[in-house]
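Asker: Below: one structure in structure tokens.
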Amino acid sequence: MSRSIAQTPYEERQSTHPLSAYLYRLMVVKESNLCLSADVSSARTLLRLANSIGPSIVVLKTHYDIVSDWDSDVETGTGAQLAALAAKHGFLIFEDRKFSDIGSTVQKQYTDGPGKAVEWAHITNAHILPGAAIVSALADAASAWREKKKYEVKTDITVGTPRPESLSEDDEGKDDEDIKNLKALQARRKASIVSITTVSQSYEPANSPRAPIPECEEDVIFSKIEEAPLDRGLLLLAQMSSAGNLLDEAYAKACVEIARNNKDFVMGFIAQETQNTAADDQFITMTPGCQLPSGEEQRANSDGLGQQYNTPKKLIGEKSVDIIIVGRGIIGAADPVTEAERYRRKGWEAYTARISA
Ligand code: S5P
């Protein structure tokens, strides 16, 4: 008898999506199936959390629009700093944007405005309420961005070869326009490097949102796995954790159908249980509404605002989900770093018990 997906170890899951394949390997390397939901309102607190809890997690989930001092600069802003921390600690960034508008609008929301999540978030998510075009529209925006990015990387390498400072007199006049362009480009690149240095070295009061984050200054890269691919991925909200939500069984089934038709972009689901039902479904399931009892006391299984909680053991062991998403259970703890490790351990234990059952 063939093994069910729930019993297949992460490293043997056959996802065709490059980010999912990477994420499964990352989970094994870090022995973690934990996503931190970093729902905080200051950029500094967000970056500090990402840096201190980064070693325990494989995904950092953001709501950029609750960060009151979110810096939108693509090269030096909050997203760029998070991306640097993701490379340092080895985690993916998931902007929990929950897109839910017509195709043309979501493309702009994804790539423009103050968020520009496509620039820094590996993963984002969407409701399918407006219909399947929301998925293809976001997919098109992501691939247009990726093409542009590939071109930028190539341009960087090309212009890196002949340095304007080292151009000889003979070169002047040969192709004045090209050299001028090259110098302008290098000057712009220099300016952006200078501005990063300025931000991290200038003195500012401790409570300033632009004050340096000391831990974020080192230029370190997580060494146990290569950097994440440039691909972007989408999760569809198939089920929600909140009481009385309207996402019924037929809705979840429609989500799965749309995902099957868009496997190049859709990695999987936000759901309360695995949505893999057909033999070749290889979708990843990430699940919010997760808390552990704290100490002797069983924590309340709701937050009084509709949120409903389950334990990692139930979600991973019984509902066969892949990643637990934890917010207040960790960031509301007296010692979030230790608590994140406790969740990581519990989540991983539930997974190893599941695959060996
Ligand atoms: O069904 C859902 C879907 C999501 S993405 N229920 C949720 O709670 N979420 C998100 O998960 C929610 O927006 C929040 O960011 C996080 C749960 O946070 P916690 O503090 O309750 O763990």
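A Cβ is built for glycine as well, from the same backbone N, Cα and C atoms used for every other residue.
Remember, TrEMBL labels are computer predictions, not curated facts.
Owing to the predicted nature of the structure, the values given are computational and were not obtained by experimental measurement.
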Asker: Where TrEMBL shows Asp39, Ser241, Gln307, Gly327, Arg328 binding substrate, which of Lys61, Lys88, Lys98, Lys263 is named for the same site?
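Answerer: Matched candidate out of Lys61, Lys88, Lys98, Lys263, per TrEMBL for substrate with Asp39, Ser241, Gln307, Gly327, Arg328: Lys61.
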Asker: For the substrate site as recorded (Asp39, Lys61, Ser241, Gln307, Gly327, Arg328), determine the largest distance between any two Cα atoms, in Å, rounded to the nearest integer.
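Answerer: The span, Cα to Cα at its widest, is 17 Å.
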Asker: Measure from the CA atom of Asp96 (active site, for OMPdecase activity) to the CA atom of Asp39 (substrate binding site) and give the result in Å, rounded to a whole number.
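Answerer: Distance between the two Cα atoms comes out at 10 Å.
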Asker: Based on Cα coordinates, which of the following active-site residues are within 10 Å of Lys61 (substrate binding site): Asp96, Lys98, Asp101?
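Answerer: Of Asp96, Lys98, Asp101, within range: Asp96.
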Asker: Tell me, how many other CB atoms lie within 10 A of the CB of Gly327 (substrate binding site), whichever protein chain they belong to?
Answerer: 21
